[in-house]
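Copied from TrEMBL, the annotated features are:
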- 52-476: domain 'Ammonium transporter AmtB-like' (DOMAIN)
- 51-75: transmembrane segment (TRANSMEM)
- 96-115: transmembrane segment (TRANSMEM)
- 135-153: transmembrane segment (TRANSMEM)
- 160-182: transmembrane segment (TRANSMEM)
- 202-226: transmembrane segment (TRANSMEM)
- 247-265: transmembrane segment (TRANSMEM)
- 424-449: transmembrane segment (TRANSMEM)
């Protein structure tokens with residue numbers, strides 16, 4: 001009898017001739033005991049990896065709260081309830097449709113290279129490699145893509161349009177893209193089981209600069225283009241007019257929550273943690289790569305934030321906290337593709353360039369009169385695209401081998417690291433096919449909704465604000481200085497300090 005590394009036939013003679021016929025029984029007992037211990041270690045490994053994956057899923061889901069706070073602070077107060085409700089809807093509708101269709105389209109294996117064909121409604125789950133925790137983690141990613149899109153079309157979109165696009169994006173458009181690049185059957189996946197890799201490497205989009213951020217950003221781009229800018233965003237001469245969000249505090253709160261959640265987004269994409277790279281007992285394993293991934297994520301975001309701070313100061317003359325927050329998030333969106341396969345010093349380059357990409361995209365948006373209240377298309381689409389290119393330039397040979405090739409060298413890696421241009425070619429293909437797929441699916445959807453008058457609200461509702469016209473009241477009592485429309489109820493107004501000394505020491509009543 002053989003139990004893993006213990007063989008009864010080989011062990012029995014070593015127990016001694018004096019034991020007689022009992023040597024075989026003793027060998028069986030020892031091997032069975034070792035087998036039980038081995039099974040317990042295997043169970044423990046699965047439990048540790050599942051716990052790690054579930055914790056990462058909870059972190060990524062917490063990003064929805066970050067999106068909600070960021071969106072709420074970035075819009076005017078009269079639309080706060082509307083944007084908060086859309087964030088709740090993204091999670092709720094996304095959960096149902098990803099359960100019914102999305103997860104199957106993304107990871108239903110065995111399948112073809114285009115779309116998955118199994119696991120509808122989580123049938124045939126759990127099984128080896130596909131447990132409930134994996135579904136939860138991937139669902140959190142799917143609703144993140146939908147949350148990106150909602151920011152681009154904020155303050156002017158009918159609620160029914162949100163429901164339709166969110167279900168379509170999380171149930172079909174996003175899952176197909178994730179199948180291409182993350183499923184073991186995907187035509188451009190670096191983990192294809194048959195070894196038939198695009199340009200010999202597949203696409204290294206580790207946590208989704210393309211799969212998540214480009215998809216959400218391009219979908220938002222089409223929605224905002226078809227809807228047109230908000231009323232008052234550009235004056236009669238075409239000059240841009242800032243329609244500032246009502247709460248920088250909520251923007252900062254949302255940014256920190258997203259920062260926190262990104263440690264589940266990027267490091268969590270390893271899915272497992274209990275894996276060695278080399279000899280057993282080594283200090284270096286997947287746990288170290290996870291730590292490095294958290295470091296590269298941090299450095300890219302920090303660099304982008306500081307670069308944006310000083311860049312906008314030079315351009316506009318202000319230390320703007322909202323711009324810094326967007327710069328930080330742009331750095332995170334860019335590093336997401338290559339966070340696991342680049343050195344920390346390369347992450348600083350990634351963040352620095354991502355800041356310039358975001359500032360440049362915002363300048364182009366103003367020039368072409370494109371209105372995106374959260375800069376979502378520029379941030380996620382633009383910086384996500386840069387992140388894909390960055391990975392193809394700076395991916396390190398050893399890290400690519402460890403994560404994608406079982407430690408065996410030979411895969412194409414970063415062009416600037418001496419790895420040739422094959423990985424860059426694969427990544428250029430990724431950019432083109434994501435842009436084409438999302439444009440071919442989400443563009444017509446928004447166009448049809450617009451033709452059916454289901455996309456944009458009326459001018460009267462937009463001027464008055466969707467909270468009162470569509471959602472039954474205000475998120476809180478407020479007064480917009482630029483809004484001259486009459487409103488019912490109590491109003492808060494700013495009290496400016498008097499230019500003359502006030503001898504009355506009593507507290508004024510407002």
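Numbering starts at 1 and runs along the chain as displayed.
Glycine residues also receive a Cβ, built from the backbone N, Cα and C atoms like all the rest.
Predicted automatically and left uncurated, TrEMBL annotations should be read as such.
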Task = Test the contact criterion for the transmembrane segment (424-449) and the transmembrane segment (202-226): 3 or more CB pairs under 8 Å, pairs 6 or more apart in sequence, then answer yes or no.
result = yes
Message = Below 8 angstroms Cβ to Cβ, which residues of this chain, lying six or more residues outside the transmembrane segment (160-182), approach it?
response = 86, 89-90, 93-94, 97-98, 100-107, 111, 113-116, 138, 141-143, 145-146, 149-150, 153, 188-189, 191, 202-203, 205, 208, 210-212, 215-216, 219, 223, 430, 433-434, 437-438, 441-442, 445-446, 449, 454-455
Message = Considering only Cβ pairs within less than 8 angstroms, which of the stretches 96-115, 135-153, 247-265 has the most against the transmembrane segment (51-75)?
response = 247-265
Model confidence over the domain 'Ammonium transporter AmtB-like' (52-476), averaged pLDDT = 94
Query = For the transmembrane segment (135-153), which stretch among 96-115, 202-226, 247-265 has the most Cβ pairs under 8 A?
reply = 202-226
